[in-house]
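To start, the structure itself, in structure tokens.
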Amino acid sequence: MTRIPEITRLAGILPAAVMLCVIWAEYGGGRIAAILAGIFALAAVAVFSLDARFSRLAFVLIGIELTVWAMLSHDGWQAGLAAAIASGSLIVALFTALSAIRSAAVSSQEILETGRFLARQPPGLRYVALTVGGHLFGLILLYGSIALLGSLATDSAAREPDPEIRRHRTRRMLVAIQRGFAATLTWSPLGFSMVISTSLVPGADWSLVALPCLVSAGLLMFGGWALDTAFKPRLSQPAPPRPPETGRWLIHLRPLLILLSAVIAGVVALRLLTGVEVIGAVMSLVPAVAIAWIFIQRLPSGAGSLRYTGTRIAGFVTRELPGYRGEILLLFMAAFIGSLGSFLLVPLMADLGLDLSAVPPMLILVALIWIIPLTGQLGMNPILSVSLLVPLLPPPEAMGVSPAVVVGAITGGWALSGVTSPFTASVLLAGSLGQVPPRHAGLVWNGPYAGVMGLVLSLWVLLLAQIL
């Protein structure tokens with residue numbers, strides 16, 4: 001065995017250790033747990049940088065440059081650096097926890113059959129089915145929902161003999177899944193968007209922002225369906241009739257609904273019983289659910305469930321997590337650069353006399369919805385842009401609005417970036433499955449949708465500011 005594969009394989013222990021230390025910190029581990037999480041996270045970045053592509057390595061170099069700048073220009077640089085490392089560690093921990101349940105899901109025949117059932121729906125129901133499916137799957141699998149449902153949808157579309165119908169069907173199915181997933185970014189307690197937003201906006205808490213953000217999700221899904229219905233492609237010849245799909249919806253969706261109910265109910269219960277923050281409850285519960293799910297999957301085959309579960313856990317740590325090293329590197333550096341960058345920019349803006357508190361609050365809220373997807377076109381991950389921009393803003397109290405309104409604006413813009421930026425995983429996956437360039441999948445497929453929904457979300461946030 002060569003040295004580099006061995007290092008890469010063993011390095012999967014590092015993000016798992018980050019997750020455990022962050023969970024410990026959330027339950028009162030204090031400074032020691034936070035320091036250990038940072039050490040393991042930096043070690044993971046160092047090892048994963050050894051064979052990283054230059055596009056990933058460039059973010060590491062930017063992070064090093066910002067660190068040197070902070071050390072040379074700020075007496076209190078240690079606090080800014082520690083906060084940046086903690087922000088990156090949190091994202092790595094959450095990604096690791098959610099990757100665990102994604103690993104359990106892809107081996108579940110019940111989940112795969114749910115996806116096939118949604119993809120088999122007739123034209124009149126297909127968009128709604130895949131949007132709802134993309135949303136429900138996205139709550140658990142994040143952008144893995146696009147990979148799972150998208151591959152099942154494209155396999156279904158590939159059986160269509162007419163090339164014109166096949167092309168339109170593939171695009172509409174992928175767009176439906178993509179928009180359903182993007183809607184989760186507005187409210188899901190498991191998503192990076194909500195974790196970052198509630199940690200950066202003073203006074204924000206998921207329990208307080210969930211309801212208005214759920215309305216944003218509903219607007220995004222309904223708006224996608226309305227636009228798809230209004231601008232349905234015209235075929236050169238009528239599509240052949242298709243028999244309705246047999247099977248009851250509740251039966252086919254039951255495994256997914258049970259899983260979602262278990263996760264959400266467990267998170268709420270942990271929050272109420274222990275007082276831990278939502279992110280701590282998510283990170284501690286989700287891996288436990290994943291392990292239990294893997295164990296249950298093996299039960300029907302008889303003995304060996306414990307051994308099988310142990311083998312799957314070992315494989316996850318030594319094979320699957322190292323396989324995500326590019327994503328882990330990018331996610332950590334995006335959070336690190338955004339946090340440290342804002343630490344450097346706040347005093348710089350004060351020295352230049354730039355005071356955003358003089359800007360009308362309503363303009364700031366609407367600008368957030370548009371700036372986040374626009375920076376996504378420039379290659380900025382929403383984690384980076386939000387971590388960089390939000391600390392520069394006046395707190396909600398100074399703007400005279402509820403924290404829920406600010407979070408609603410941030411997550412709304414994040415969702416629009418998720419369907420348009422050619423640098424996000426969701427658009428890259430949709431483009432790959434649809435065999436089109438990522439920029440085509442982002443701007444041609446979803447550009448008009450993002451423009452319309454940007455206006456709708458802007459109006460919703462302005463209305464919300466008056467209500468709350």
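Cβ coordinates are placed from backbone N, Cα and C, and glycine is handled just like the others.
Quick caveat, the model's predicted, so the values are computed rather than measured.
Quick look at what TrEMBL annotates:
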- 6-25: transmembrane segment (TRANSMEM)
- 32-50: transmembrane segment (TRANSMEM)
- 79-105: transmembrane segment (TRANSMEM)
- 125-152: transmembrane segment (TRANSMEM)
- 173-196: transmembrane segment (TRANSMEM)
- 208-228: transmembrane segment (TRANSMEM)
- 249-272: transmembrane segment (TRANSMEM)
- 278-296: transmembrane segment (TRANSMEM)
- 328-350: transmembrane segment (TRANSMEM)
- 362-393: transmembrane segment (TRANSMEM)
- 405-429: transmembrane segment (TRANSMEM)
- 449-467: transmembrane segment (TRANSMEM)
Checking 79-105, 173-196, 208-228, 328-350 against the transmembrane segment (6-25) for Cβ pairs under 8 Å, the most are found for 79-105
Taking pairs 6 or more apart in sequence, does the count of Cβ pairs under 8 Å between the transmembrane segment (79-105) and the transmembrane segment (173-196) hit 3 or more? yes
Taking 32-50, 278-296, 328-350, 405-429 as candidates, which has the most Cβ pairs under 8 Å with the transmembrane segment (208-228)? 405-429
Contact between the transmembrane segment (328-350) and the transmembrane segment (278-296) is defined here as three or more C-beta pairs under 8 Å separated by at least 6 residues; is that satisfied? no
May I ask which of the stretches 125-152, 173-196, 328-350, 362-393 has the most CB pairs under 8 A with the transmembrane segment (405-429)? 362-393
Would you mind listing the long-range same-chain contacts of the transmembrane segment (362-393), meaning Cβ under 8 Å and 6+ residues beyond its ends? 87, 91, 192-193, 196-197, 200-201, 330-331, 334-335, 337-339, 341-343, 345-346, 349, 356, 399, 401, 405-406, 409-410, 412-414, 416-418, 420-424, 450, 454, 457-458, 461-462, 465
Long-range Cβ contacts under 8 Å made by the transmembrane segment (328-350), restricted to residues 6 or more beyond its ends, are 15, 41, 44-45, 48-49, 52, 56, 59-60, 62-63, 66-67, 69-70, 73-74, 80-81, 83-85, 87-92, 95-96, 192, 196, 321, 356, 381, 383-392
Lying 6 or more residues past either end of the transmembrane segment (32-50) yet within Cβ distance under 8 Å of it, the residues of that chain are 4, 7-8, 11, 14-15, 17-18, 21-22, 24-25, 56-57, 60, 82, 85-86, 88-89, 92-93, 325-326, 328-329, 332-333
Can you tell me which parts of the same chain pack against the transmembrane segment (173-196), counting only residues 6+ beyond its ends and a CB-CB cutoff under 8 A? 90-91, 94-95, 98, 119, 126-128, 130-140, 142-143, 145-146, 149-150, 153-154, 156-157, 206, 209-210, 213-214, 216-218, 220-221, 224, 228, 263-264, 267, 278-279, 282, 286, 331, 335, 382-383, 386-387, 407-408, 410-412, 414-416, 418-419, 426-427, 430, 433-434, 441, 445-446, 449
